[in-house]
Amino acid sequence: MLRWLTSGESHGPALVGILEGLPAGVELVTKDVQDALARRRLGYGRGARMKFEQDEVRILAGLRLGLTQGGPLAIEIGNTEWPKWVDVMSADPVPAEALQVDAGTGDVREIARNRPLTRPRPGHADLIGMRKYAFDDARPVLERASARETATRVALGVAAAKFLEQAVGIRLVSHVVGIGTVDVPEDAALPAPDDVARLDADPVRCFDPASSAAMVAEIDECHKDGDTLGGVVEVLAYGVPSGLGTYVQSDRRLDARLAAVLMGIQAIKGVEVGDGFRTARRRGSQAHDEIVRGEDGHLHRLSNRAGGIEGGMSNGEVLRVRAAMKPISTVPRALATVDVATGEPAKAQHQRSDVCAVPPAAVVAEAMVALVLAEAVLEKFGGDSVSEVRRNVEGYLASVPELLR
């Protein structure tokens, strides 16, 4: 059983992630995690925080000499900004005078760190979090609800992706297929795992050059208008064997599990598998993937509208899922709200934010897909080491009757 947890606040000393159930023998080094976190910071339209935010990675447990040990993997991501927040975010009580120091930035848009946050931002967790947990200040809510937490998920996803490739041969890649009103053409080529360097080099992580240029222009225009943009990301998994997930219970369906973790990413408002909502507009004769016997003697599909999942199970085709990200809620020209300390109308508090965070959302989505697929692989095949899982996968594939292959 694979389980994962994250802990930490946006401006706390560190984020911590724990991944339990990962088999022994996965080859992993600290640089693998650092490289993935660097990819998460990329993207045209990111805010000022990306310029000074550095991820200090320490693997605390579960790894020895570059190999997982079978115990829980614990990863810490230090916050280089912590010295500025040591009093405001202290775990222990601090003298009142320590909280009376102004932030000192000279920027009127900057919220002084000691000031209560009582103007909840529309689209954020602020107001409902204050109600739910009985806070009179939104600081505790936004600290944990912040998308900064996704750094931990990306770190854990690296370990899952390494396991998938080494034990099963599954490789993943993520890219952006839409920003604002700009969409990649439906017939555009799909990236392969070997195209990751090219995607990392693209300003918006888009595989189609013409669409990428149009997306950059859209972001520039939005920035001039003092607004924000959302978009759509896609994750592709190559080499997924058939039979992951099941149809026997709804909560064990692979597509349901993927949808759940993708919807759990901050600002994601929609998920589709394969052609998803486009399929709903087609007639049945044009909505499904016909089965043929290929020249290699194996069964293949003439298309992949289902996105590699049928009946809640992987079918052996490329797994393809998309997630739609709403425009960032922290809008520079602040939206209307109510100051809950006075009851008076007000403008929502504004902090540093991105114009567009769709490219890093692709990296986060890729990590979550890796975690779910790793969980499904272990559920299907079992094994306490990479070599044992590999043997079990090979045994299963060899056991499939010839006419069903």
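Each Cβ is built from the backbone N, Cα and C atoms, and glycine gets one as well.
According to TrEMBL, the NADP(+) binding site annotation covers Arg40, Arg46. There are 24 other CB atoms within 10 A of the CB of Arg40 (NADP(+) binding site), with all protein chains counted.
For Ser146 (FMN binding site), the count of additional Cβ atoms within 10 Å of its Cβ stands at 17 [all protein chains shown]. Following the DSSP three-state reduction, the secondary structure of Ser146 (FMN binding site) is coil. According to TrEMBL, the FMN binding site annotation covers Arg144, Ala145, Ser146, Gln266, Ala267, Gly311, Lys326, Pro327, Ile328, Ser329, Thr330, Arg352.
The Cβ neighbour count for Lys326 (FMN binding site), using a 10 Å radius over every protein chain in view, is 15.
Considering other CB atoms within 10 Å as the measure, the emptiest surroundings among the binding-site residues Ala267, Ile328 are those of Ala267.
Each residue contributes its Cα atom, and for Arg40 (NADP(+) binding site) and Ser146 (FMN binding site) these two points are 15 Å apart.
Sequence-distant neighbours of Arg144 (FMN binding site) (same chain, six or more apart, CB under 8 Å from its CB) are Glu9, Ser10, listed in sequence order. Using a 10 Å radius centred on the Cβ of Thr330 (FMN binding site) and all shown protein chains, the other Cβ atoms total 21.
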